[in-house]
Structures are given as C-alpha cells and as structure tokens.
C-alpha cells in the first residue's frame, strides 16, 4: 500500500503555487453596435478616455472621439471591413503615440509612422505623443534667425525666420508645392531637418516630390509623411500631428526643423467628414465648431525655443488651397489668423508667366526684417518701394496715353525688377546671389538691357562673380553685411560682365 507523505504533497503544492504567475487585470471592453463609413458605435467601454486607442477583435485600431451617454463613437484607422456587429472591442489605456528617432531621416512613412517606401523597418527606442502641448510663453523667444527659401521674392520682401509660421495660399496649380519643395532643397548644408507632410494628395504627386528630393540629395535630411487621397479620413486627419511630433523630437534636441503641411484644406475636409459621420452639429460651410482649434493646436507647436531649452526651432509652412482666389472662405481666414503672415500665389500671375507667382502686394510676413541678415536689409528696402510704386504706375499707365520721360523710365525699371524676381523651379539661390541680383536691378544696371535679356545676363553675372570675385561671397557670408568693399567688387563685376555681354549679343 502506497503511503502518502504529507510533506511531499505540501512541497508539490508550494511549487505549483510559486510557478503560478497568471496576472489578474481588469479589461475595459465593449460591443460593436454599428459600423460603417470609417466610424464604429460601441456599447460599453465605460471608462474610456477621450482620444484613447481602442482595439477591435480582428486587430483594427480606432480612436475614441465621441463619448456619449449610451455609446462611444470611434473613428477607425483602417477600412474596418472585417469588423462585425456584436464583435468585442477593448480599450488599450494608451493615447495615440509614434516611435521617433534619427533613423526616420530619408524615409517615407504613413500617419502611424510605419514605413511605406519598401526599405524595411525603422528602429526607434523612444516614442512621442502625436498630440502634445505646444511650448508655453516662457519656453519661447522671439524669431531672429532667417530661414532662407532660396526664392528672391520671399527672402527679400516676405522673409521667413526660424520658428515662424508662414502660410502659403493660392488656387490649385499655382505652384504652392513648388515653393515648399524649393525651400527644402535650399536647406542643404544649413543643418535644418525637413518634414514634408502630404495630406490627401495624389500618390503620383507625392512620388514626384520624393523623386525630386532624392535626385537633389535632399532626402538625407528630410522625412516624408504621406497619407494619399485613398487613405481613411482618420489617417489624413492624423498625418499633420505625426509630422509635428517628429519635428518636435528634433526641435527639443537643439536642432532646427522645417515642417510643410500640404495641405491643411484637405485635413479640414477629412475632419469635417469624420465629424459629420459622428453626428456632431455642423457649422459654417458644414465644418464642425472646433475646426479652428484643429489647426491652431497644430500650428502653435511651431516655435523658437528659449536659450534655456537649447534654442531649437520648428518653422511651419502650412499650405491652404483657395477656390478662385477667395481668401475670405472659412479655412483660409482661420489659418491666416493663426499664422505669422502669408505668401499669396496668384493664378493670373502664374498664367502671365511670372513664376513663382507671388503677389507681393497682399503677401506679408509679420516677423519682417528681424528674419533677414543685415546685407539683405540694406538692398531689399529699395526693391520693395520701387515695386510698389511700379504696380501703382502700371495701373495708371493703362489709361494715360502720353507719359513723361521719368514715368517711362520708372515703368521700364519696374518691368526689369519683375523679371529679376522670376526663377526656375528647383533652382534656389544663395543669399549672396540674391543680394547681387537685387542690387543690379535696383541700381539701374539692367535698364539698358532688353527685358528678354535680363535673366540671361543675371545667370551669366552670377557665374562670373563666383569665378572672378570669390571675395564678394566670402565678405557677405562672414560679416553678414553689404560692406563698401563688397559693393566695389560687385560694381566692378557688373561693369566687366556688361561689356562682355554687349559684345556677345552683337556677335
């Protein structure tokens, strides 16, 4: 007969108890009442937070946006085709966040920071909340360093500083994206990290931008966040916040960043779609009441940090599309009131061959000359004044038949100055080249040339100055001032090049 030893049994029981490690935890769950159009209504989820991530049975993730008395409105981050009525949903206890690291540079990702360029996973040890509070008043300092775009019209008359928010606004097909991509190209060697966020764009347009950046070697300091037109509205709404979180990661590490939102009209439309499907009351143009807050909390994250926080910066260039030049629509007026100025692109100028088609008259920068180097201030003031007078005169000259010689000269000068502002796409100019170009125009050196010869002469002058008078560039880059010595060098170069140019044209 087998004897039962009590100590053995107690040892076995003790071992089993020690091995038992099943965790007891409370899971907040709910049931799907209704699903469709990227929205799910959930019964239950009693303790869910606003903005919390929830997980459906088949793996889809959603965000709890509407917390009502008897159900929860969830927006889906996917098509949700496999979700069925009655299936279970559990709250994750997390707010939307993304991984962040240096490894994102040069990659194309979606709104959930997953790579979509087919080049493998991205390693990241840290994460940041997609929606994080903007820096407070004490954490900021006023904008004082220039962020050069490489476009004469902007850098001389509508300057942008590091930490500023400057809106690019205009009709479709007026070159808004071109201005933004040229600005990215011009950051080469400036130690600025660029983030380009494409919201609701055609996939072919995004591919074109990425190709341009790759060909020009700009992808190594750029991250592209893309949610194309066929993406769910939730992801189009989230994409700008994902871009901002990535830019903030670098900003708080004492780096300078530039972020482009292309474009916020599409984000507002995606948010309107979500809100209407969630049955939130519509307001003006059927947008929900909090559409202003949608953009203000995004754009307020752009800042120039104080010296205590390392003086990093995040410069935002949001893009907004207008319908036939109507700047007084809801989204344009909202974003104009949030930003520190706007660059207005006109379809009429674009069609007249003036590209970039910047309407200097109604474009402003509320930071102004604080975001310019001294040398640019010295030459740009005169350009602004002469162009403003030219626009007035041109309107007047349409009605007057006989104009005196002085007026004719002023009109001729204005036409050449307008010609000088024209630039090819993807050909940004350095500050030194811009200063030289503006000085040549405002001091009458182009007056004797035909309008058709102006651009050719300026291109040749830039090459001549670079090869024969390299000291000019050195003086301006080291002193940031247009000194008498620099002026003398420039005058000599203009005279010499003009003589050569006249002989060439005669031949």
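Cβ from N, Cα, C; glycine included.
Marked as ATP binding site by Swiss-Prot: 170, 171, 172, 173, 174, 175, 176, 177. Sequence annotations record features per position, and here Swiss-Prot assigns site 'Required for activity' to 363.
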| field | DSSP state at residue 177 (ATP binding site), helix/strand/coil | value | helix
| task | Return the single residue from the binding-site residues list (173, 177) that has the minimum number of other CB atoms within 10 Å. | result | 173
| field | Distance [Cα-Cα, Å, rounded] between residue 170 (ATP binding site) and residue 363 (site 'Required for activity') | value | 11
| Cβ-based isolation winner (fewest other Cβ atoms within 10 Å) among the recorded positions 174, 363 | 363
| query | Highest CB neighbour count within 10 A among the binding-site residues 172, 176? | reply | 176
| Can you count the other CB atoms that lie within 10 A of the CB of residue 171 (ATP binding site)? | 18
| Three-state secondary structure, which DSSP defines for residue 170 (ATP binding site) | strand
| query | Near residue 175 (ATP binding site), which residues of its chain come within a Cβ-Cβ distance under 8 Å, counting only those 6 or more away in sequence? | reply | 345, 350, 355, 356, 357, 425
